[in-house]
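Enquirer: Dumping the structure here so I can ask a few things about it.
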Amino acid sequence: MEDEDIEKAVMAYLKKKGFKQTALALQEEQSKSSSSNISHTDPDVSKQLLSFSESENDPARYQDGYSKLRSWTYGSLDLYKHELLRVLYPVFIHCFMDLVAKGHTQEARTFFSSYREDHEMMHLRDLQKLEGILSPSHLEEMEFAHSLRQSKVKIKICQYSHELLVQYLQTPQSSKMFGIINEHITFEVSPGQPSSISDETEVVTLIGISQDTAKQMNEKEIHWGLLEDSLEERLEKAGGMMPESEKGEGETKEGDLEESKKKSTDGGKQGPSAKKLKKDKVVGATGKSARSETNAVSVAPRVKAELTLPAVPTEVEHSILEDLRNRVRLSSMALPSVCFYTFINTHNGLNCSSISHDGSLVAGGFSDSSLKVWDMAKIGQEGGAATMQGGNGTTPTEQLVGTDDGKRSYTLFQGHAGPVYSATFSPLGDFILSSSSDSTIRLWSTKLNANLVCYKGHNYPVWDVQFSPVGHYFASSSHDRTARIWSMDRIQPLRIMAGHLSDVDCVQWHANCNYIATGSSDKTVRLWDVQSGECVRIFIGHRSMILSLAMSPDGRYMASGDEDGTIMMWDLSSGRCVTPLTGHTSCVWALDFSGEGSLLASGSADCTVKLWDVTASTKIPRAEENKAGSTNRLRLLKTLPTKSTPVYSLRFSRRNLLFASGVLSKGA
C-alpha cells in the first residue's frame, strides 16, 4: 500500500469537508518532509481510509443524508425551526450539483425531482435554471451554477439553533451533510432569541460572489446628494416655495388639464371644483407639518456632476421653476389627486405604458412591434369616456384610452421588428425612447412624429430603458445580463455594467445622475457608478425577481418592488434595508416618490395603487437603526383599487399630481 494513495485520500477528505486551512497545512508538511522521514502506514488503516473515501462517493449517501437532515429540521421545535429550515435549500442544490459533478446524472435527477417542491415557492427561478444541468460540463458552462459552487452562502442564525445543528451533524449518518454545510455555508451566529419569522431581510440569497466581497462592495464611499446649482437649490435661494397663503392660486393651475377633461365629460358640474376647494383647505391646514417634509430635498448634500450636463433653455427652466413653486405639499394628511388612464380594446397586445412628466402624453408599447402615443388634451376635446370616483382626500379619475370613434386618436410609431417592452419620455416630453425584443432601442421625436436614431449594442431583448433626470443620457437593461449607459448623440454605449447573474429587468437613474440602479432576476439590486462603470452597492433581501425601482428626490433612499408583491426601502449610504413592505398580492410593476419625497406610490398587477408614508419609516434614530430585528415598517396611507386594471406605470408630476395607467383586463 503506497503512502501517496493515503495522502491523496486524506487530502480529498479534508477538501470535501471544507477544511481548507487544514489541507493547506498538511500539504506544507508533506512538502517539507523528505521521503526518508515518512513513516509507513499500517495496511489495515490504509484499507479503512480508502474504503471510507470510496463510500464518500456513493450517490445513495446524498439521498439518505439529505432526507434525514430534512426530517430532523421539520421535527425541530417551532421556535427554532424557521432558522434551521434556511439550511435546507443551499444543501439541496449543492447535493444535486455534487451528484452531477461526479457523473451520477440519473441519481441527481431523481434527487432533484424528489425534493424540488420544498423550495419552489421561494426559489422557483433558480430551480428552473438548475434543472437544465444534465452533465458535469454543464456545471462549468453555466455561469450561475459555477458561481454558486465557488462561493459560500451566509445564513443568520441564533446561537442555540447553531448548537442544535452542530450537535446533529456530529452523528455518523450526517457526515456527508456536514461536509457540504462546512464547504458552502457560513453562519452568522447571534446571541439571544431567534430572528422573527417575518423578517424579510433574513432570507438566504445566492448571489454568486463571496459574502466578504459583497460586504467590501457595500463599504465603498458613495455621494448620494443632489447636484450643485440644481433648479431646486436655486428656488430655495430665491426664497423657497410660495407661502401657504399664496398657494391657492398656484394650486388651481395644477389640475388645469384635468379640470378641462372633467368639465367636458360631466357637463360642467361643480362637484369636482367643490372637492378641489376642500383639498385646498386640507393642504392649508397641514402646510406646517408638510413644510418640514418638503425641506428634506433642500438639506441633502450637494455633489458635482460626473457627466457633462446638457444646457436647459431659459423658457423651459422658467416653466419648471413655476411648476416647483406651485407644487402641492403632500403629507400623510394631504394625499395627492390621482388621474388613471385605462387602455381598452388592446386585445392582450399591450406590454408597457409610460406617462410624460406633465401627464399630457401617454405611450403604449405593443406586441405587434408598434409604439402609440396619445395626446391627453386632444382626447379631452373629443369628449372621451371618463368615470369619476373620489373620497377621503383623493380624487381618482379614470380616462379611457384607445376608444374606437372612427378615427385614430393616437400617433403611431413603427420601426421595431419585435414586441416593444419599454418606453420612456424625456423630461421635456419632446423625445421618447422605446426598447424591444429585437435587441434595439429607438429614439422618436414627439414633435416630428418620426424615428431619429436606432441604438444597437445589446445582444438580446431589451427589457427596460430610462431617460436620465436631465435628459440626453439614458440607461437600458437586457436579457444579456448587462445594463448600458448611452447618450442621444452616440450610437454606441458609453458604459457597460456587467455583474448580474441573470436578466437585468429594470433600471433607474439616481437623482444626481452619477449612479444608476439595476434590478435583476437574480433577486438582487445593484448600484453602479456611471463614470467608472463599477458596482458600488449590492442590495440583498428580495425573494423573487425585481421588477421596479424608484429613487427618492433627495437621493438618499431607493425603493424596489418584486414579483411577489414585496417592496423594500434601502438606504444607499449603508446598503441596508430600512424597512420591507408587504401589502400587494402580486407583481409590483411601478414605483414613484412624490416631489418632496414624503410619499411613495406603488402600482401592482393586483389592480391597486397604494400610497405609503415614507417619512415615518425613514426617520429612524441612529440608536435604533443598528438594532437587530427592527420591526419598523412603512405606513400604508391609502389603497386605491381599480375596477379590473393592473397598474403598468406611475408618475408624479412636478406639481405632485399622480398619474397612473394600465390595461383593462378581461375579468372586468
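The backbone N, Cα and C atoms fix where each Cβ goes, glycine too.
What TrEMBL says about a protein is an automatic prediction, not a curated fact.
Annotation comment: TrEMBL describes 56-185 as domain 'TFIID subunit TAF5 NTD2'. If you look up TrEMBL, you'll see 239-293 marked as region 'Disordered'. Here TrEMBL flags 244-266 as compositional bias 'Basic and acidic residues'. Summarising the annotation, TrEMBL assigns repeat 'WD' to 413-445, 455-496, 497-538, 539-580, 581-622.
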Enquirer: Out of 455-496, 497-538, 539-580, 581-622, what stretch is closest in contact terms to the repeat 'WD' (413-445), meaning most Cβ pairs under 8 angstroms?
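Expert: Top-ranked stretch among 455-496, 497-538, 539-580, 581-622: 455-496.
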Enquirer: Sequence-remote contacts (6 or more beyond its ends) of the repeat 'WD' (497-538), Cβ cut-off under 8 Å?
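Expert: Residues 125, 129, 143-144, 147, 205, 207-209, 214, 217-218, 220, 222-227, 303, 305-307, 309, 463-470, 473, 475-479, 481-485, 544-555, 558, 560, 562, 570, 572, 575 contact the repeat 'WD' (497-538) from elsewhere in the chain.
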Enquirer: How do the residues of the repeat 'WD' (413-445) split into helix, strand and coil according to DSSP?
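Expert: Final tally across the stretch: 0 helix, 20 strand, 13 coil.
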Enquirer: Across the repeat 'WD' (497-538), what does the mean pLDDT come to, as a whole number?
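Expert: Averaging the confidence scores along the repeat 'WD' (497-538) gives 92.
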Enquirer: Would you mind splitting the repeat 'WD' (581-622) into helix, strand and coil residue counts from DSSP?
Expert: 6 helix, 20 strand, 16 coil
